[in-house]
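K.L.:
Questions regarding the structure given below will be posed in turn.
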Amino acid sequence: MTFPLFMQRIPFGIRHLFVCVLQATTRRFIMSSHSGVIFASLGSGLGEITYLSLTPFFGRNAISAWSSGTGGAGVIGALSYAGLTEPKLANLSPKAALLVMLVVPVIFASAIPESKAAKGDKKRKMRSYSSTVTDGTLKQRQLSLTEKLLTIIAYFYHYVHAELRPIRYDSLKKYEKKKQLQPLLKFMIPLMLVYLGEYLINQGIVLYQVGVFISRSSINLIRLPYSILVLLPILQLLNAVLFFLDALYFFIPHIGIIFTLILFEGLFGGSSYVNTFDRIHNYVAPDVREYALSVGSLGDSVGIVIAGFTKPQPAALARHPSLQIKSINESNHINQACRIQFPQSIGTL
C-alpha cells in the first residue's frame, strides 16, 4: 500500500526484472507450497502499479489497451491451463502445465515498453546501448548460455540508466503525495467496494473472466458517468449478498441464472476498473498523473485483501442449519437410490 510513495526511487528496469522473477517463481512453487500464492500476489501487485503508472507516456488509448489486455489475460490464462490439463487435448498434469507456462515470464522479460516520449539524445542513447550487446557479430553465431545471460543483464542495466522521467513525479515531497491522494479517494473507494464484492463471490471463474474482458474493452465505446461508478459497488455487493443467501437457502431455481449473475459480476468489476482509471487519467494534472494512477491501483488491491479476510469459511457455513438439513436429505436420497439400484450389495454391507 505504501509502495507508490517511494517506487520512483527504484528504476523501472529493476522493477520489471523483479516482476519477471516473481512470475517464474510463482509457477515453480505454486503446486508445492503456499509461498507460490504469496509470490503471485507480490508479482501481480507490483506489476499493476508499475505498468499502469506508465500509461501517461503512451497517450489516451493506453488505459483502454491496458484494461483490455488485463481482462483478456484472465480468459487466455484460464483457457490455456484448461487446454493443457484437458485429457482430450494436451493431457498434462497441473504441475507440468505450470512448468510449460514458464515461457511466459521469459517472453515478458523482453517486452520492455518504449514510449513516444523516448526521443532525442536519450532515445539514441538507448539504441546505442542495445547495439553494444546485440551487434552484428553476436547475431551471426550461436550464443552460449553465458553470453545470453550476460546479454540480458547488460540490457536491463543499460535500460535502467537510460530511464526517462519527463514529469516531476520523482520530485514530489511526501506531504505533496499525501495531498494528491485525498481527491483520488472518490475514485478509489467505489473501486475497492466493487472488488470487495467481487472477491467475496468467487476467484477465477472463466465466465467471470469473459465478463471482465468485455467490460474492460468497452471504454472506447462507452464511458460511464461518475454516478454509475458509485452505483456499481452497490450492485456488486448486492450480487455478493444474493450468492451468499443462495448458498444457504438454495432459492435460485436454475444454473443458467447463476451463470448470468457471474457474467454480470465480471461486467461490473471490469467496468468499474477501466472507467475509474480513465477518469483518474483525465482528472489529475499531467505532472502527477503517473503517481495518481499508481496510487489509484490500491483501490482494487485493498478490496481484494478485505474480501480475503471477511470471506465466510467453509467450516462455518457447514454448521448452518439449512445446509445440515440439505446434507442429510441428500444423503438419505443417495442411500435410497443405492438400495434401489444395488439391493443385494447394500444388504451385505
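Cβ from N, Cα, C; glycine included.
Got these off TrEMBL a minute ago, pasting:
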| type | residues | note |
| --- | --- | --- |
| TRANSMEM | 36-54 | transmembrane segment |
| TRANSMEM | 66-84 | transmembrane segment |
| TRANSMEM | 96-117 | transmembrane segment |
| TRANSMEM | 187-214 | transmembrane segment |
| TRANSMEM | 226-245 | transmembrane segment |
| TRANSMEM | 251-274 | transmembrane segment |
K.L.:
How about long-range neighbours of the transmembrane segment (251-274): same chain, 6 or more residues beyond its ends, C-beta under 8 Å?
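P.N.:
Distant Cβ neighbours of the transmembrane segment (251-274) are 63-64, 67, 71, 190-191, 194-195, 197-198, 201-202, 205, 207-216, 218-219, 224, 229, 232-233, 235-236, 239, 242-243, 245, 300.
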K.L.:
Any residues 6+ beyond the ends of the transmembrane segment (187-214) with a Cβ under 8 Å from its own?
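P.N.:
Tertiary neighbours of the transmembrane segment (187-214) are 68, 71-72, 74-75, 78-79, 82, 229-230, 232-233, 236-240, 243-244, 259, 262-270, 272-273, 276, 279-280, 283, 295-296, 298-304, 306-308, 310-311.
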